[in-house]
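Below: the structure, in C-alpha cells.
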Amino acid sequence: MLIPSKLSRPVRLDHTVVRERLLAKLSGANNFRLALITSPAGYGKTTLISQWAAGKNDIGWYSLDEGDNQQERFASYLIAAVQQATNGHCAICETMAQKRQYASLTSLFAQLFIELAEWHSPLYLVIDDYHLITNPVIHESMRFFIRHQPENLTLVVLSRNLPQLGIANLRVRDQLLEIGSQQLAFTHQEAKQFFDCRLSSPIEAAESSRICDDVSGWATALQLIALSARQNTHSAHKSARRLAGINASHLSDYLVDEVLDNVDLATRHFLLKSAILRSMNDALITRVTGEENGQMRLEEIERQGLFLQRMDDTGEWFCYHPLFGNFLRQRCQWELAAELPEIHRAAAESWMAQGFPSEAIHHALAAGDALMLRDILLNHAWSLFNHSELSLLEESLKALPWDSLLENPQLVLLQAWLMQSQHRYGEVNTLLARAEHEIKDIREGTMHAEFNALRAQVAINDGSPDEAERLAKLALEELPPGWFYSRIVATSVLGEVLHCKGELTRSLALMQQTEQMARQHDVWHYALWSLIQQSEILFAQGFLQTAWETQEKAFQLINEQHLEQLPMHEFLVRIRAQLLWAWARLDEAEASARSGIEVLSSYQPQQQLQCLAMLIQCSLARGDLDNARSQLNRLENLLGNGKYHSDWISNANKVRVIYWQMTGDKAAAANWLRHTAKPEFANNHFLQGQWRNIARAQILLGEFESAEIVLEELNENARSLRLMSDLNRNLLLLNQLYWQAGRKSDAQRVLLDALKLANRTGFISHFVIEGEAMAQQLRQLIQLNTLPELEQHRAQRILREINQHHRHKFAHFDENFVERLLNHPEVPELIRTSPLTQREWQVLGLIYSGYSNEQIAGELEVAATTIKTHIRNLYQKLGVAHRQAAVQHAQKLLKMMGYGV
C-alpha cells in the first residue's frame with residue numbers, strides 16, 4: 001500500500017515569493033530530457049517546482065525518503081507517479097510494479113516506455129530529494145531511464161548534490177536544464193518581497209538588501225530571520241548578522257535559540273515527537289503526540305511558520321522541511337530519549353491501523369520492540385514477501401532474537417523461503433535443521449509438512465530428485481487441504497521428479513493438477529511453471545502440436561498476469577524456439593531464442609547459455625558454419641565460467657558435437673569424449689540427449705560398435721518410457737551410423753521408421769542437420785516411389801531444406817563443374833556433341849535435388865511453362881524419357897567426377 005503523501009505535490013503556500021525569473025527559465029522545460037535543480041538544504045527547490053507545477057495536469061510527483069533505496073519500493077512509487085500524470089495510461093507497468101513481476105528496474109522502464117509511446121502530449125515526472133538515493137542499481141536504472149525516455153517526457157530532479165545520472169553527457173548534448181544554488185538564492189527584490197509579506201512592520205529596501213547579502217540569499221536563513229523578528233524584539237538585521245556565514249550543518253544552535261526556546265513547552269514537545277514521522281496526518285499526530293485535534297494543531301504550526309508544509313491538495317498530509325525535520329529528530333533523541341521507544345511504538349500502531357505495515361515495521365525497528373515487530377510480521381510478513389519487500393523482511397527477521405523465531409516457526413519458514421528465493425539452498429537446510437532440533441514437537445504436524453515442502457523445492461533445484469520425491473510425498477501426506485501454497489509446491493516438485501524419472505503420464509497429470517490449484521489461488525508463477533513443464537512433457541512424448549497449444553496457454557497467462565519479466569518467461573520462449581526449430585521454422589526459432597536472451601538481459605551472461613545454444617542450432621541447420629563458430633566461441637567461454645545443470649550442459653554439448661561432425665573435427669570430438677560425463681541412466685530426455693551426444697562423437701571417430709550399443713540401449717529405454725521424440729532422434733543417429741558403416745539396408749530400415757514417427761512429431765530439422773548423407777538416402781527413397789504419401793511429402797520437404805542450406809542448391813552443376821565435366825575423357829559423346837545450356841544444367845541439378853517443376857520455377861523465378869521447355873530439351877539431349885532416368889543420369893555424371901552419391 002502506497003502512502004498518498006509521497007505522491008502528492010506540495011501545496012503552494014500563501015506568503016511565498018513567486019520566483020518569476022526562475023519560472024520563466026522553467027517554462028521551456030519540455031524542450032529538455034532533464035531539469036536538474038540542485039542546492040544545499042533550504043534554498044527553495046521544492047517551493048520553486050511546486051510553483052512551476054501549479055496548474056499543470058500531466059505531471060507526477062514522487063517525494064523520496066531513505067526507505068526508497070529498496071528497488072521494489074522505488075519502482076512502485078515511480079510507476080504510481082507516472083500513472084498519476086497519465087490518468088492510469090500505463091496499466092501493464094502498474095500491475096508489474098504492484099506484483100513485482102519484472103526482472104529489473106531497467107526492464108520495467110523499457111515496458112513503461114513502450115506504453116508511453118502512445119502518449120503524445122507533454123509529460124513531466126518530478127523526483128524530489130534524489131540525494132537520499134544511495135543504491136547504485138537505482139542510479140544505473142535512472143541513467144537508463146534518461147537515455148531512453150520518450151521525447152515528450154521531461155524528468156525533473158531535485159537534489160542537494162549532483163546526482164549520478166550522466167549529467168555531463170546531457171549537458172554536452174544540450175538536453176539538460178540546470179538551476180543551481182546561485183540562481184536559487186534570493187535577489188534583493190525577492191528578499192524585500194519576502195519580508196513585506198512576513199513582517200507586520202516593513203523594513204527599508206536598503207536594510208532588506210543588506211540582510212539578503214549577509215546570508216547570501218539563503219531562503220531558510222531569511223525565513224528564520226523573519227520568524228525570530230516576529231518572536232523577539234531585536235532587529236532582523238541582528239539575526240542576519242548572526243546567521244551570516246552559517247550553513248545547514250551549523251544551524252542547530254541557532255534553531256534551538258531562535259525557534260525551540262521561543263515556543264511554549266507543549267509546542268516544543270509536539271514538534272519533537274511529530275518529527276519522527278516522515279509524513280503525518282490527523283490520526284498519526286493524535287496517536288504520537290497524545291493531543292486531540294491533530295489536524296488543527298498541524299494547521300496552527302503551519303501558520304506559525306515553523307517549517308511545516310502540506311503534501312497534498314486535500315490538506316490531510318503534512319511534513320516538515322527536511323532541514324528542520326532532521327534537526328528536530330536529532331533534538332528528540334537528546335531531549336526525549338527515554339520516551340522515544342514509546343513514541344515509535346505509538347507511530348507503529350497508528351501506521352498499522354491505517355494499513356501501512358512497512359511504515360509500522362520502520363518504527364518498530366526504531367523502537368527496538370521485538371514483540372511488536374514479531375506481531376507485525378506474523379500478520380503481514382507473507383503479504384510483504386509476495387510483494388517482494390525482501391530487504392525489509394530480511395532486516396526485520398535479523399532484528400528478532402532466535403528464541404522469538406523458535407516460538408513462531410512460521411517466521412523460521414519465512415526466513416527459509418527468503419533464503420530459497422536468493423538461491424542460498426545450503427543455508428535453507430541448515431536453518432530448518434537447526435529449528436527442528438530446537439523446537440519441541442515440530443517433527444510432526446503441519447509446520448513440519450511445510451518445512452518438508454520447502455526442502456523438497458530446494459532438493460529438486462539442487463539436482464537431488466530422490467530426496468525431493470521423499471520430502472514432497474511426506475509433505476503431501478501431512479498437509480491439511482487448506483494449506484494451499486505448500487500443497488502447490490509439493491505437488492509441483494513431485495511432478496518434476498516424475499518428469500526426471502521418465503514417468504511422463506503421471507508427471508503430466510500432476511503438473512495439470514498443479515496448474516489448476518495455482519490458478520485457483522492466484523499463485524501465478526507456479527501456474528506458469530506447471531504449463532512449461534506440461535509442454536516439455538508433451539514434446540518428449542512426441543505430441544508437438546499439443547505442446548504448442550500448451551505453450552499458447554502459457555503465453556496467454558503471461559500476458560494476462562504481466563509475467564513478461566520473470567526468468568521463467570525465458571524458459572517458455574526457449575522451448576518454443578526448440579519446437580519451431582524442429583519444424584524447420586528457423587527464422588521464428590531464432591527470433592524466439594533472441595527474445596529469451598532479451599528477457600535475461602539483466603542477469604548474469606551465464607543464464608543465456610541455453611538460448612545461445614539454440615541460436616547455434618539455427619546456424620547449424622542453415623549450414624552457416626562461420627556464424628556457428630563465432631557463437632560457439634562465446635558458448636565455450638560461458639561453459640568455462642559457470643556451474644550448470646546437467647540438462648544445460650547436454651544442450652550445449654549437442655551443438656558442439658554437431659559442429660565437429662559437420663567440420664570433421666575428430667580431435668575435438670575425441671578430447672571431449674575422454675572428459676565428458678557418462679550418466680548412469682538414460683530414463684529422461686535430458687540424459688538421453690547426453691548419451692546421444694556421446695554416440696554422435698563415437699560415430700565421427702569411427703567407433704561404430706560402441707555407438708550402436710549406446711543407441712540400441714537408448715531406443716530400448718525410449719520405447720519403454722514412451723519418449724517418442726527421443727526415439728525419433730535416436731533413429732536418425734542410428735541411420736547415420738549404419739550409412740557410414742556401409743550397412744545400407746539397415747540404414748534404410750531405420751530411416752523409414754524415423755520418417756513414419758515424424759508424422760507424429762513433425763520433425764524436419766533433425767533430418768536436415770545430417771546434411772548430404774541424409775539427402776542421398778532421401779533421393780533414393782523418392783526415386784523408388786514406394787513411400788506412403790505422408791512420408792513422401794515429408795521426405796521432399798526435408799530434401800528441399802537440405803538443398804537450401806547445405807552444399808550447393810543446384811547439386812554440383814555450376815559453371816566450373818560443367819567446364820571440367822565437358823573436358824573429362826569419359827564424358828558421354830551425346831553430351832559432348834549436344835551440350836546443355838547453363839540454364840539446363842541448373843534445371844538438371846534441381847531435378848536431381850528433388851525439386852518439383854513448380855519449385856524449380858520458383859527457385860529460378862521463371863514461368864512453369866518455361867521450365868517444361870527446359871526439361872523437354874535436356875531430356876532430348878540426354879536421351880532420357882522421364883524424371884527418374886534424368887536423376888540416374890545426373891548421378892552417374894557426379895560419380896564419374898568423383899562425388900560420393
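Every residue gets a Cβ built from N, Cα and C, even glycine.
Between the stretches 273-292, 593-612, 833-852, 853-872, Swiss-Prot puts its DNA-binding region entry on 853-872. Taking DSSP states H, G and I as helix and E and B as strand, the domain 'HTH luxR-type' (829-894) has 51 helix, 0 strand, 15 coil. In the three-state DSSP classification, THR46 (ATP binding site) falls within a helix.
Counting only same-chain residues six or more apart in sequence, the Cβ atoms lying under 8 angstroms from the Cβ of SER39 (ATP binding site) belong to LYS45, ARG160, GLY180, SER181, LEU184. Around the Cβ of GLY42 (ATP binding site), a 10 Å sphere holds 24 further Cβ atoms from the protein chains shown. Over the domain 'HTH luxR-type' (829-894) the predicted model carries a mean pLDDT of 86. Close to the recorded ATP site, the chain also has ARG160, SER181, LEU184, ALA219, THR220, LEU323: residues not among SER39, PRO40, ALA41, GLY42, TYR43, GLY44, LYS45, THR46 whose Cβ is within 8 Å of the site's Cβ mean position.
For THR46 (ATP binding site), the same-chain residues that are 6 or more apart in sequence and have a Cβ closer than 8 Å to its Cβ are PRO10, ASP128, LEU158, GLN309.
When the neighbouring Cβ atoms lying within 10 Å are counted for each of the binding-site residues (PRO40, GLY44), the highest count belongs to GLY44.
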